[in-house]
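What Swiss-Prot lists as S-adenosyl-L-methionine binding site is 112, 131, 132, 133, 134, 135, 136.
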């Protein structure tokens with residue numbers, strides 16, 4: 001997979017070359033490039049923004065440097081891939097969107113600043129995505145979040161498909177509590193069932209605790225899920241326990 005980012009602050013993305021994503025880059029599973037679109041300005045002051053026609057507060061990113069930076073990416077990569085604009089007005093990012101983006105071979109993110117974009121920039125764009133109903137000072141943090149969540153679904157990244165598949169939201173439930181050694185930490189005991197060796201009982205406990213955590217923290221997820229009879233029975237039991 002190739003990921004390009006157009007940004008005015010490319011140094012912000014340096015930490016992304018560490019940890020799991022860094023390993024994927026080292027393995028050749030991910031080609032990660034950040035382009036400073038200020039380098040493509042055609043004015044002597046290297047300005048990338050200007051006042052909006054018709055008046056109004058703030059400054060807008062001008063189209064020329066972004067168009068030319070995109071052309072450079074297209075030349076280097078043999079295409080611009082799926083172009084994503086980070087914008088508060090875009091569709092909201094979530095687990096399913098991350099899975100969807102992971103199916104593409106090439107993604108290009110446009111991370112803006114200032115009041116917004118000249119509307120003509122949207123001609124380059126295939127998708128507009130927002131992290132939520134709030135405004136950040138720039139698109140860089142949003143791009144980082146989306147990239148990190150997306151590349152986890154690439155087979156080469158985690159090295160264990162179960163790591164991604166077992167995460168919260170993968171099956172519509174929050175993840176169950178997990179424990180490691182020691183079994184007794186200063187009087188705080190690991191649930192006995194987890195050390196029993198009874199895999200059927202462990203699976204049932206994990207399902208029940210996933211349901212409990214979802215019921216208590218994100219009941220909206222249960223409304224979207226088609227519960228099995230076993231899940232309904234466990235949920236009834238949880239509700240009586242939590243009263």
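Cβ coordinates are placed from backbone N, Cα and C, and glycine is handled just like the others.
The secondary structure of residue 134 (S-adenosyl-L-methionine binding site), as reduced to three states from DSSP, is coil rather than helix or strand. DSSP assigns residue 112 (S-adenosyl-L-methionine binding site) to coil in the three-state reduction, placing it in neither a helix nor a strand. Each of the binding-site residues 112, 132 was scored by how many other Cβ atoms lie within 10 Å of its Cβ, and the smallest score goes to 132. Just so you know, of the binding-site residues 131, 135, 136, the Cβ with the fewest other Cβ atoms around it within 10 Å is the one at 135. Site extent for S-adenosyl-L-methionine: among the recorded binding residues 112, 131, 132, 133, 134, 135, 136, the largest C-alpha separation is 17 Å.
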